[in-house]
Amino acid sequence: MVHIISKKSVSFIGQSLAAKIDEQLFSKYGFKVEQLMELAGLASAQAIAAHYPKSKVAVLCGPGNNGGDGFVCARHLQQFGFNPSIVYPKESKNELMKSLVIQCETSSIPVQPNLPTDLQSFPLIVDALFGFSFKPPAREPFTEILKAVRASGIHVFSIDIPSGWDVENGAPSEASEDIIHPHAVISLTLPKMCMKSWTGPHFLGGRFVPRGLVEEHGLQMPVYPGFEQIVKVED
């Protein structure tokens, strides 16, 4: 059972503050990208395992840090008994991303550029295409994938930001075909402004934020019970 917290008990942050927090974590507080990616991916996998039965899962990964979270999530999902396949439509030249690909491929997790031809046999899709630095609209090769996912009707779990959404304002339009309309979301570090009106299942992971950073920005952080890495946010 995931501990539940009130939406009123945590801060919702915009794009600029989210970027500032990341910048300070990597500079002033000495964190490495791969550290936070591992924590984010693990928290995402834990939320998925808490909310969905073990199954095949297609993990959509973009070329940036959100995609890296997806690779880590897939690796942990396999450890939790799921059967992940990764869709990686645009490869990154970043050495960290190359390492994440190797980690998954050597763990027998398929990595391919296109959606599986048997997509309808997957009960769950994990959306890790775009993070909080995304600015709409989406472009190829992502638009066709987003449209296909939307048309599939398969349950989608988004990591941090549903792909195609404006970080401040949320989904551009309910009628838009090239954005993700998820069934559940995990916010990372803190929820972004676009999640304020979200009423579906909403998890939060980010039990690593230094106290000094919290105090500097006047942030309301969740209280994580025991040694848990995730909480569930409700009204």
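Using N, Cα and C of the backbone, Cβ positions are placed for all residues, glycine too.
Feature annotations, courtesy of Swiss-Prot:
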- Asn65, Asn66, Gly67, Gly68, Asp69, Gly131, Phe132, Ser133, Phe134, Lys135, Pro136, Pro137, Asp160: (6S)-NADPHX binding site (BINDING)
- Asn66, Asp127, Ser163: K(+) binding site (BINDING)
- 18-221: domain 'YjeF N-terminal' (DOMAIN)
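In the predicted model, residues of the domain 'YjeF N-terminal' (18-221) average a pLDDT of 94. Distance noted between the C-alpha atoms of Asn65 ((6S)-NADPHX binding site) and Ser163 (K(+) binding site) is 13 Å. Annotated pair Phe134 ((6S)-NADPHX binding site) and Asn66 (K(+) binding site), C-alpha to C-alpha distance, rounded: 10 Å. Cβ-based crowding with a 10 Å cutoff singles out Phe132 as the top-ranked of the binding-site residues Phe132, Phe134. Within 10 Å of the C-beta of Asn65 ((6S)-NADPHX binding site) there are 23 other C-beta atoms, taking all protein chains into account. A separation of roughly 9 Å, to the nearest angstrom, links the Cα atoms of Gly67 ((6S)-NADPHX binding site) and Asp127 (K(+) binding site).
Excluding Asn66, Asp127, Ser163, which define the K(+) site, the same chain contributes Leu60, Gly62, Gly67, Gly70, Ala128, Leu129, Phe130, Gly131, Ser158, Ile159, Asp160, Ile161, Pro162, Ile180 within 8 Å (Cβ to the Cβ centroid), listed in sequence order.
According to DSSP, Asp160 ((6S)-NADPHX binding site) is assigned to coil rather than to any helix or strand.
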